[in-house]
C-alpha cells in the first residue's frame, strides 16, 4: 500500500503551530496539518450562561467555520444561508467538549471562554487540527487571565490533542489528508488527554464494517500520533 502523500502509515503530516497569530484575542494560533490550516482564537468574557450563574464556575464554548474558498470549490457562507449546517454544529460541539475536559471549571471563576476555529484551507482533518491548535491558544488565554487576577487557581487539568486515523487500502494509517479520507474504508477521529485517557472516539465504516482488531490497531496508531502532538504542543508553549 502506498499513500498518495508518500508518507509511511504511522507518519503525521508536517505540523506547525504559530502562537499569538492575531492581535486582540487572549489566545490565538495558526495551526497547520500539512495543507490544512486553521486559525484558532480563545476570547475571555466576564460572566457565564444563565444555567451557571451564582455557582462560581466558568464555561467554555466553541464555534467552527470554513472560509468560502477553503475547499476546491467555493461554498456559500452559512451566514448567507441563515443557518449552520449539521456538520458545523457537530464539529463545534466536539471541539467544546474536548477542551472542557482540559479544565477545572470551578477554578475558572465566572468567566466564559469562547473558542473560534476558522478553517482557511481544508485538506482533511480540520476538526482534529482545530482541537490540537485551540488547546495551545487556550493555555495562552489562561495565562492572560491569570495576569489579570481573574482566576481562582490554575484551571488547567490536562492537555488535549486529536488526530484522525483510518483504514486505507486495507491498512491502518495516521492523519488522513483529503484524498485518503475520501477513499478510506474506515475513518476515525480520536481525542485524548496527555494522561492517556480518551475523550472521544468517532468512527465510521464507509464500506465493509471494521473488525475489533482493526479498531484496536487504529487506536494504537492514534495514541502514538497524539503522543507526538503533545510533544509538539509542549515545545511550542516552551518557546
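Cβ atoms are placed via backbone N, Cα and C, with glycine included.
Per Swiss-Prot, the candidate among 87, 100, 148 that belongs to the phosphate site alongside 125, 126, 127 is 87. In this view, the densest Cβ surroundings among the binding-site residues 87, 127 belong to 127, judged by other Cβ atoms lying within 10 Å.
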